[in-house]
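For reference, the structure discussed in these notes is given below.
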Amino acid sequence: MPRLHDHFWSCSCAHSARRRGPPRASAAGLAAKVGEMINVSVSGPSLLAAHGAPDADPAPRGRSAAMSGPEPGSPYPNTWHHRLLQRSLVLFSVGVVLALVLNLLQIQRNVTLFPEEVIATIFSSAWWVPPCCGTAAAVVGLLYPCIDSHLGEPHKFKREWASVMRCIAVFVGINHASAKLDFANNVQLSLTLAALSLGLWWTFDRSRSGLGLGITIAFLATLITQFLVYNGVYQYTSPDFLYIRSWLPCIFFSGGVTVGNIGRQLAMGVPEKPHSD
């Protein structure tokens, strides 16, 4: 019996010792973990302050950036205005060159009336005519893409400079035909040039906006030209006055379509102007 009692006593002591051992170890580990958490919580703000807390709160940064808008030093608006200025200068130059070339073709037929010393030079036009034509070309060339984007009417053909150059060649050819060819009467001349001008529009444009703007440009430009003639600012030779009125609207129509195609080609690949809400 004593031996059995000793056996039970030793087993119970060992069991109690084993039960008391792990709680002490777990308590020590828990205390160590709590100490580490306290150290991290104390040193965390200082680390965030040292690194500037880049990812602490990204939402306020996004809101502040959205409210502030584009930065003043952003090159995008300047690039847009720079490209607009480039397009305007190119269209102005095209208008000046076309005015000089077409006026030279008409002088060969003695349609325009200038002093002999002016006609003897290649710049055989009144000084204000080429700048006015250049300004009109810049306005028309910038207006065509704006109307297209406003109406949402895409162009029916693939834009390429080869097509634009062919359009310019046809336009110059129409002017050359009006200066060189002889017709039986002015009605025949008007119908022929009208057919050629509509053919130019159908071949290189085919847009309703192009047709409407071409007709509007032809009407307004013819009206302004006749106003200048009646007030003595610009003169035509008397025998050809009816001849001038017969071909002038067709020339202005085809010129508007041609300059519009140039403006559309220049506007390709240009990003839209940024809007701020």
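Residue positions begin at 1 at the first shown residue.
Each residue, glycine too, has its Cβ placed from N, Cα and C.
The structure displayed is predicted, hence computed values, not measured ones.
Membrane topology per Swiss-Prot: H82 and S209 share a side, carrying the same topological domain name. Residue ranges 68-74, 271-277 are listed, and Swiss-Prot annotates 271-277 among them as motif 'KxHxx'. Within the list K156, K180, the entry that Swiss-Prot describes as ubiquitin cross-link is K156. According to Swiss-Prot, of the residues K33, K158, K158 is the one noted as ubiquitin cross-link. Against the transmembrane segment (160-182), stretch 246-263 has more CB pairs under 8 A than any other of 85-107, 127-144, 210-231, 246-263.
Mapped onto DSSP helix, strand and coil, the topological domain 'Cytoplasmic' (205-209) counts 2 helix, 0 strand, 3 coil.
The 10 Å shell around the Cβ of S207 (phosphoserine) contains 22 further Cβ atoms across the protein chains shown. Spatially, the transmembrane segment (210-231) is adjacent to the transmembrane segment (127-144); three or more Cβ-Cβ distances between them are under 8 Å for residues at least 6 apart in sequence.
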